[in-house]
């Protein structure tokens, strides 16, 4: 059964490693050393719920609900544009230390709300967990399926905690004005690039829906 565990671990790692909204948010919280362990835990738990839903049959709801998929897609577009704008605004600030200090004033619940939006308003998360993992893990028997799911869940926990801890450890180097400008510019570009991709997918879905 360990072979199924390592298959899930490898596939989960391959899907989670690319820089996306979730990873960027966890990394930034780690650099700020602001609730970064809590955010890593909540991201991992969110992935656990999504992975279990995808592998154990919940994918049918999203795949059979084009209106729900469209709602998630366009909600993600709006959120990513807003999040990217905030990153660009911080990067272009004449006093980036002051701008970063303003961000640090955010309360715990606002940070949690942002994390939930980053995770649950990203349609790529549903495609990864429901379509990819659901199609592969859903074909397995009950016991192998559990080991496969455990492997993918392990990848999420290892990655998010590792990213948060590593970012916090490197914080003294990454919190310089130059590093913060570069990081925020990269994050802004990634967020807007993903938003444009989602908008393109959303237009295609709308055309198919009304054709």
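Each residue, glycine too, has its Cβ placed from N, Cα and C.
Predicted, not measured: the structure shown is a model, and the values here were computed from it.
What Swiss-Prot says about this protein:
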- 1-21: transmembrane segment (TRANSMEM)
- 37-57: transmembrane segment (TRANSMEM)
- 68-88: transmembrane segment (TRANSMEM)
- 111-131: transmembrane segment (TRANSMEM)
- 147-167: transmembrane segment (TRANSMEM)
- 182-202: transmembrane segment (TRANSMEM)
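The stretch from 1-21, 37-57, 68-88 that makes the most Cβ contacts under 8 Å with the transmembrane segment (147-167) is 1-21. Most Cβ pairs under 8 Å to the transmembrane segment (1-21), among the stretches 37-57, 68-88, 111-131, belong to 111-131.
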